[in-house]
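First the structure, in the form of C-alpha cells, and then the observations on it.
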C-alpha cells in the first residue's frame with residue numbers, strides 16, 4: 001500500500017514565536033525538506049512523529065515511523081548492531097549478519113562494532129542512527145539532518161544506501177547539505 | 001600497585017586500632033567494662049563449634065533478609081506505581097516521610113503490639129528498607145533519558161525492550177547504591193528488634209543474655225558476627241546485582 005503523507009493547514013505557535021502557519025503539504029515519495037535555519041523543520045518532524053502537538057491543523061497518512069532524530073538517541077550501553085536490533089520485531093537474531101554487513105559497507109569496522117555506542121565517534125553514531133531508521137519496520141521515514149558529522153565520502157555512501165533502501169517510500173529528509181541534496185536527487189520541498 | 005598500597009594502609013590502620021583496643025583493655029583491667037580483642041576472639045572461637053551459634057545465625061539472617069527482600073520488591077512496585085500514577089505518589093509521600101522520620105525503637109515497640117517477637121525482625125527490616133529503596137528506585141526512574149524514551153515511543157518499542165534497554169540501565173545503579181545502604185540498616189534494625197522482642201534462638205536474644213549476665217566477651221563476639229554477616233551479605237547481594245547491571249548494560253544483551 002502506497003502511503004500518502006498529508007499536512008493540512010498546520011500551524012505551530014509558541015508563546016513568543018510563530019514557527020509556521022497554515023502549512024499544506026502532500027508527500028507521496030522521498031523528498032527533501034529545505035528551509036532556512038529556525039523555520040521549524042525539527043518541530044515539523046516532531047509533530048509528524050507524534051511528539052509535538054500542533055497549534056492547529058492536521059496530519060494524516062504517517063503510519064509507522066522510522067526516524068533519525070536531531071540527536072543520535074542510541075542506547076549508550078548497546079553496540080551499534082544491538083541498537084538496530086532493538087527496533088526490529090521478534091526473531092531479530094536472523095538479521096544480525098545482514099545488519100553487520102550494512103555497517104561494514106558503511107565504513108564501521110569489526111572493532112567499532114564491538115564497542116558500546118557511547119564509545120563511538122559522532123559520525124559513527126550518526127551512521128548507526130541512520131541504519132536503525134532504515135531497518136525499522138516503517139511506512140514513513142522522517143530524517144532530521146541524518147548526514148551530520150559524516151565526511152563527504154561517508155555522506156555519499158549514506159545517500160546511496162538511502163536511495164537503494166527507500167525506493168518510493170514516503171521520506172521527509174531535513175538537511176542544509178547542498179551536496180547531499182544533489183547526491184540524493186530527490187524532490188526538494190522548499191519552505192519559508 | 002595503588003590498590004595493594006591502599007590495602008596495606010587499611011590493614012595497618014586496623015592493626016593500629018586493635019592495638020589501641022588491647023592497650024585500653026589492659027589499662028582498665030576489668031573484663032566487664034572492656035574485654036581485650038584477644039579475649040573477644042577467644043569467646044568467638046568458643047562459640048563457633050556450638051550448633052546453637054549457627055542456629056541463631058540462621059534464625060536471624062533468614063528473617064532479616066526476608067524483610068529486606070520483601071522491602072526491596074515492594075519498593076520497586078510502589079516506586080513504579082508512584083511514577084505512573086500521581087495519586088499513588090501523593091498517597092505514599094507522607095507514609096514514606098513518616099517511616100523515615102520515626103525512631104526505630106518506637107517502631108519496634110509499636111510493632112510488638114501487632115506481631116510476635118519471632119516475626120518482628122522481618123517487619124522492622126521491611127519498614128527500614130522500604131523508604132530507602134523506594135527513594136533509590138524513584139531517583140533511578142527519574143534519571144532515565146527522556147530522549148531515549150521518545151525514541152522508544154516513535155519506534156513503538158514493546159515494553160520488555162524499553163525496560164531492558166532504557167529503564168533498567170537507569171534504575172539499577174541507583175538501586176545498587178540503595179541496597180548497599182539498606183542492607184546495613186536492616187541488619188542493625190533487625191537485631192535491635194530482636195533485642196527488644198527477644199525471640200528465642202535469635203542473635204538479639206544472645207546479645208541480651210550476654211548483657212544481663214555481664215558477659216562482655218560474648219557481647220563483643222556477637223557484635224563482630226553481626227558486622228561480618230552484614231558485610232558478607234552486602235558483598236554477595238551486590239555481586240549478584242552487579243551481574244544484573246552488567247547484563248542490562250549490554251554485555252549479555
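Easy rule for this one: first residue shown is 1, then count along the chain.
Cβ atoms here come from the backbone N, Cα and C positions, even for glycine.
A Cβ distance under 8 Å defines the sequence-distant neighbours of the transmembrane segment (B:53-82), meaning residues of its chain 6+ beyond its ends; these are 47, 88-89, 92, 118-119, 121-134, 136-138, 141, 175, 179, 182-183, 186-187, 190-191, 194, 199, 201-206, 225, 229, 233. According to TrEMBL, the feature transmembrane segment maps to B:53-82 (among others).
Per TrEMBL, domain 'ABC transmembrane type-1' is recorded for B:53-237.
The transmembrane segment annotation in TrEMBL covers B:103-130 (among others). Within the same chain, residues 60, 63-68, 70-72, 74-75, 78, 96, 182, 185-186, 189-194, 196-200, 202, 204 sit at least 6 positions outside the transmembrane segment (B:103-130) and bring their C-beta atoms closer than 8 Å to a C-beta of that stretch.
Residues or ranges marked as transmembrane segment by TrEMBL: B:219-241 (among others).
Long-range contacts of the transmembrane segment (B:219-241) within the same chain: residues 35, 40-41, 43-44, 47, 57, 61, 65, 172, 175-176, 179-180, 183-184, 187-188, 191, 203, 206-207, 210-211, each at least 6 residues beyond the stretch ends and with a Cβ under 8 Å from a Cβ of the stretch.
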